[in-house]
Amino acid sequence: MADETPAQNPPMAAAPPPPTSATVTDSESPPVLEKQDPSPPSHVPAVSVSVTESASTTIAENEEQAPPPEPAALEPDSSDKGSGKEELPPTPPPQAVESESEPPVVTEAPKEENPPAPAAETVVISESESQQPPAPLQQEVVTESESLAAMMEKEETGAPAEPTAAGTTTTTTTSAQEEVAAAVEEKKVPQNLASFKEESNKEADLSDSERKALEELKQLVREAIDSNLFNSESKSEENPEKEKKQESKEVSIWGIPLLKDERSDVILLKFLRARDFKAKDAFVMIKNTIRWRKEFGIDELLDEDLGDDMEKVVFMHGQDKEGHPVCYNVYGEFQNKELYQKAFSDEEKRMKFLRWRIQLLEKSIRKLDFSPGGVSTIFQASDLKNSPGPGKKELRLATKQALQVLQDNYPEFVAKQVFINVPWWYLAFYTMISPFMTQRTKSKFVIALPSKSAETLFKYIPPEQVPIQYGGLSVDYCDCNPEFSDADPATEMTVKPGTKQTVEITIFEKCILVWEIRVVGWEVSYGAEFVPDAKDSYAVIIQKPTKMTAKDEPVVSQSFKVGELGKVLLTVDNPTSKKKKLLYRFKVKPFCD
C-alpha cells in the first residue's frame, strides 16, 4: 500500500462537469492520443478518466545518448536512396507479428491507429520478430474431444516423443520458438474456428428439421417412460413386483425430469446435437446414459465425501463474458509425485479420481440454468504448464477413461475449451489428432502458448474474473483484497512496445481514491503522482517510477487522500519490444478529515 498523503492546498472550487467524449491532443514528439476510459465506474461522478500514449522515456533517452550514424535513415519522410544496409520500411511502422490477424488460437489483437511514429519507436519494434521463417510443420492447434479417447489408444503404441533436444539448448530457444509458432499459427488456423457460437435452445429458433427431430425424440422418450423401459433395464430380474410399483416414477437427468417442462427440451437437444439430430441415435444415447448413471451411482455420489486432495487440480472459478461458469484444469499439479501416485498408481485409485472428477462436474451442472434462454454449458480452461505429458502411462490411462465417460454421458456441455501454457512439444500431439475431429469439435478449441495465455483468457473472461495466477485480478480470499471483488470491473489495455501509457484520473471533489494496477509479467516501470490544478501547488509523488519485474507482486494496490482539485496519474513505461497487458480499476470513497 502506498503512502496516503492528504493534499494541503487552497479550498476547492465548484466541480466542473466531467468530460463526455474522447479527445485527441497533439504534443511535441509522438502524437498523444487521449481517450475516455472504456469502462469508467458509472457510480463515480467525482472523477473522470482518460488515457494518453507516448514514446517510452527509456527509449527516448537511449536515442539521445546514442544517435544513429546515418541520420537520413531516421527521417520519417525520407524516401530516397537505399544504401547497401537494411532500410526501415516507409509504410506504417512495423508491429509485432501477433497483431496482424485475429486467429482463434490467441487473443485477438486490437487494430490500433498508427500515428506517424517517431524514429525511436520504429527502431524498437522492428527487431527479430519481423524475420518470418518458413512455416513449420504444425498446422491447426485446435483440439480434442469426441474421438480423442480412441485416438489415445494409438498413442500408447506410437506416442510422440517428449522433447528430444538437449535440455540446455531447449531452455535457451523455447521462447523464440514459441513466438515464431504463435505467429505461424495465427496465419494457418482457419478463421471460421473463431466463429463458433452456441446454438439457441428456443424452439422458435430451431429449423423445421431440428424441430421435427426433437418431436420424434420426445415421442420415443414418452414411450420409454410409459413402458418403464428406463427403469427395467437397470433392475435385476429378481424383483419384477418392485419394478411394477415404480412404473409411474419420473426419469431425471442432472436433476431435470424428462418431459415435465421446457428444461427437458434443452436436455434432449444436447443429445440430438451430439448425434447430428438423428432422433433414434440420440434416444439410444439417452438410454445408455440413464443406465450408466444408475450403475455409477450418481445420486449417491453427490453426497459422498471424497476428500479435498485434488481441489487444486480442478476447480471452478468465476464466469466468462457470456455468463458460463469457468472450470480450470491444472495438469502441472501432477508434478507432485505423491499426488500423482495417490491419483493414478493403480486401477482403484484411478477410479476414485474419476469419481471425484464426475462429482465436481455433477455439482457444477446442477447450478446451470436449463431454461431455453439460460446458460447450460461450461467454459473449460486447461493449464498445461509443467504437465507430465502423454509419456506417463498411468495418466494416459486415466485420461482415456475419463474422456470416454464424458463423451458418452455428458454431451454438449463444453462452451469453449481453451488450453493455456501449452509447451512447444505438445503441439505435435494436437496436430496429429486434429484431422480426426469434426469441424464442430475443432471450433470449440483454442490453444495459447505461454506468452499468450493471459491475453487469450482475457478474450473470453473479464480480467477481474481471471485468477491472479493466470494474469487476472481475482483472488481466492476476500481478506487479501478487501477493497475489490470479482464484481468490480477492471479496464484492460495494451501497452505497445516502446511506449508509455498514462491513466489520468481527474478529481472533482474531496475523496479517497483507491486503485489497483497490474501489468502482466511486468518488466516495465510504474509510477504514480497527484498533480493539483492550482498553479501554486506542487505535484505529490505517490510512487516514484520503479522498475517492476516478473518477481514483484503481481498486483499493486494503493490509495490517496485527495483534498483539492487535480489529477492522479498512473504511468506505465514499456521499454521492451513486446506488447504488455495493463489492467486497472479504482474506487472513490468519502473523504474523512
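Cβ coordinates are placed from backbone N, Cα and C, and glycine is handled just like the others.
Database features (TrEMBL):
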COMPBIAS  1-12  compositional bias 'Low complexity'
REGION    1-210  region 'Disordered'
COMPBIAS  44-60  compositional bias 'Low complexity'
COMPBIAS  78-88  compositional bias 'Basic and acidic residues'
COMPBIAS  96-108  compositional bias 'Low complexity'
COMPBIAS  158-183  compositional bias 'Low complexity'
COMPBIAS  196-210  compositional bias 'Basic and acidic residues'
REGION    228-248  region 'Disordered'
COMPBIAS  234-248  compositional bias 'Basic and acidic residues'
DOMAIN    303-478  domain 'CRAL-TRIO'
DOMAIN    478-588  domain 'GOLD'
Discussion item. At a C-beta cut-off of under 8 Å, are there same-chain residues at least 6 beyond the compositional bias 'Basic and acidic residues' (196-210) that contact it? List them, or none.
Written reply: 262, 265-266, 269, 272-273, 277, 372-373, 376-377, 415-416, 440, 443-444
Practice prompt. Could you give me the DSSP helix, strand and coil counts for the domain 'GOLD' (478-588)?
Written response: 3 helix, 66 strand, 42 coil
Fill in: Averaged pLDDT score, the domain 'GOLD' (478-588)
94
Worksheet item: Where DSSP helix means H, G or I and strand means E or B, what are the helix, strand and coil counts for the compositional bias 'Basic and acidic residues' (196-210)?
Response: 6 helix, 0 strand, 9 coil
